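Participant: Mind looking over this structure? Questions follow.
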Amino acid sequence: MAFCALSFPAHISRATTPAPSDLQKSSSFSSRFYWGADLLRPSQYKVRKIQSGVYASLSESGEYHSRRPPTPLLDTINYPIHMKNLSVKELKQLSDELRSDVIFNVSNTGGHLGSSLGVVELTVALHFVFNTPQDRILWDVGHQSYPHKILTGRRDKMHTMRQTNGLAGFTKRSESEYDCFGTGHSSTTISAGLGMAVGRDLKGRKNNVVAVIGDGAMTAGQAYEAMNNAGYLDSDMIIILNDNKQVSLPTASLDGPIPPVGALSSALSRLQSNRPLRELREVAKGVTKQIGGSVHELAAKVDEYARGMISGSGSTLFEELGLYYIGPVDGHNIDDLVSILEEVKSTKTTGPVLIHCITEKGRGYPYAEKAADKYHGVAKFDPATGKQFKGTSNTQSYTTYFAEALVAEAEADKDVVAIHAAMGGGTGLNLFLRRFPTRCFDVGIAEQHAVTFAAGLACEGLKPFCAIYSSFMQRAYDQAIHDVDLQKLPVRFAMDRAGLVGADGPTHCGAFDVTFMACLPNMVVMAPSDEAELFHMVATAAAIDDRPSCFRYPRGNGIGVPLPQGNKGTPLEIGKGRVLVEGERVALLGYGTAVQSCLAAAALVEPHGLRLTVADARFCKPLDHALIRELAKNHEVLITVEEGSIGGFGSHVAQFMALDGLLDGKTKWRPIVLPDRYIDHGSPADQYVDAGLTPPHIAATVFNVLGQTREALKVMTT
């Protein structure tokens, strides 16, 4: 057994427990029972003093160790093929070393820690049993894929995780042939896996398809749509429900309390994967499709009997969807996982199988086990103490400012309510929840439901604020159109993480919200240029009660402008922008926080004898027509600047200018938008350079359009 080269304080260290013996094919059934044990037995950590330090415990001197742990077995594993001859005992050692490696790497890069630690044994078992990449393994969301990446040829690049030109934080098809499906958003893998399974069948292939889903993803309707279709199509595939108590149907509430019973549950699950019982059910299943009458009823009873024998939980939900259910299974028991996966792989059967694995988020790292929410996504941290190294700032995040503004509105108006889709921390609404517990609604990862739920609240005279990340708003677009905008219901959309988002990359980039929201006929579309403006736009949205509205704001902190007194914003005049700096020849019309880059660009240009006009549009819809006319008629060049895709704010300005005849004369218009491609993950600074949205890029555009190419080159190189 390998030991993690990390140490933890005595008050949270694990008790030493004997390691289970290797799986013996000849062992009796009764020998597999551990009466009274918990399904999630404590990790088998113990003090082991060796020459290079103390591992997995507090040292005698009270010192902690945070250097890279020794991983002699993992060092020999570059790809899954290298695991095939390992014994179960060695697989356990590999799991321990893999967990240590994940902790060490994430401590240096930041990233998703808890989810990855929770699937270490499952990852090892999957790659041991199945033959990837021929067999397909899909990781839903993908933030638990770090152990998978380490075992599939990318260990030497883990130090680049989520960094510019480094490994992605999720699975990515272009990164490795072992990443058969790209992820980042939740609840997609059963659908994609089913498509792969049906495609395999149509092509006459024999490979396996495994979809791993959980960690909140089972709260989304798509997962159930896919399971329903999988049961109907009856193609062979394996669905692994990674139940870490953050799914819609956790073990404790699936059909009432179902307490895990440790090795007893493991033994029952091993029995449940017994081939004769499975094949008995398949016979009955086939018969019921071909005959009727009394014989049909008999066959149905055989199927019911087999299913009852097999389903240890007593739940028929998954079976009613047409899935063959096995579980619950201890997701940290290599013996059981390997045995069950091999049985399922080798059994001649037809149709989808669901294996219900019970796992612990943050497994093997006490700090993450005790505070799963705080160690889901982490900054760089000290492995020995769990302390995260978060940057200091004199300002708060836009997310926090939004939450404070909404609390202020709710204090003044009892009809203000808040909705989020399993992102209470990410959207800041946990702050709202603490103040107004009966007026805040977490609907799970169910953005479609969140939007229509908000529409229903609006129908009853409430003032719903639906806080959803910009990229996740994409998942509820039909609801935004059909259930909200078409009916002119006053739902307020607070779209966080607008624009580039850094390490989370293109899956979470909020590039498209202005484009897809501003084309809706009844929608008011706004964006604040700073945190004070955000307070005013929250107040504006609260005051708009005859139609829907939305506002976007970025990841990151405010710029330090004075805030409204008492955190209470003042409603803005709808469709009115403002001029911040009066200049000549060239006007920069910024939208959202891009206004700050416009101001910085104006400062770069001024030493060259050119004073620019800088305006803050505030609204994309309705546009400030008077402001645009003024800027177009009094300047040679109008440049619109936004941190969004083609078809957004600039396109709406161009549409108006063209129809108003403002482009028929000498006035030139130039748009600066995100390029028509996905911006890869990296540091925010690198992403802005890649996108061409830095102040020097804006300044260079000014000089180029004026024909001053030398100045343009100079401003880009200084």
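Our numbering is plain: 1 for the first residue shown, then up by one each step along the chain.
Here the Cβ of each residue, glycine as well, is placed from N, Cα and C on the backbone.
Here's the feature list from Swiss-Prot:
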- H143, G184, H185, S186, G216, A217, N244, Y365, E447: thiamine diphosphate binding site (BINDING)
- D215, N244: Mg(2+) binding site (BINDING)
- 1-55: transit peptide (TRANSIT)
Participant: Return one of helix, strand or coil for G216 (thiamine diphosphate binding site), based on DSSP.
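Facilitator: DSSP assigns G216 (thiamine diphosphate binding site) to coil.
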Participant: Just checking a number: largest C-alpha distance across H143, G184, H185, S186, G216, A217, N244, Y365, E447 for the thiamine diphosphate site, rounded to a whole Å.
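Facilitator: Among the residues the record ties to thiamine diphosphate, max Cα distance equals 32 Å.
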Participant: Whole-number answer please: how many Å between the C-alpha atoms of H185 (thiamine diphosphate binding site) and D215 (Mg(2+) binding site)?
Facilitator: 12
Participant: Could you state the whole-number distance in Å separating the C-alpha atoms of H143 (thiamine diphosphate binding site) and D215 (Mg(2+) binding site)?
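Facilitator: A Cα-Cα distance of 10 Å.
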Participant: Just the number: how many Å between the Cα atoms of N244 (thiamine diphosphate binding site) and D215 (Mg(2+) binding site)?
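Facilitator: Answer for this pair: 6 Å between alpha carbons.
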Participant: Using Cβ atoms only, which residues of the same chain lie under 8 Å from E447 (thiamine diphosphate binding site) while being at least 6 residues apart in sequence?
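Facilitator: Those within reach of E447 (thiamine diphosphate binding site), by Cβ under 8 Å and sequence separation of 6 or more, are A421, I468, F472, M473, R475, A476, Q479.
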Participant: Please give me the CB contact count at 10 A for H143 (thiamine diphosphate binding site), counting all chains in the structure.
Facilitator: 23
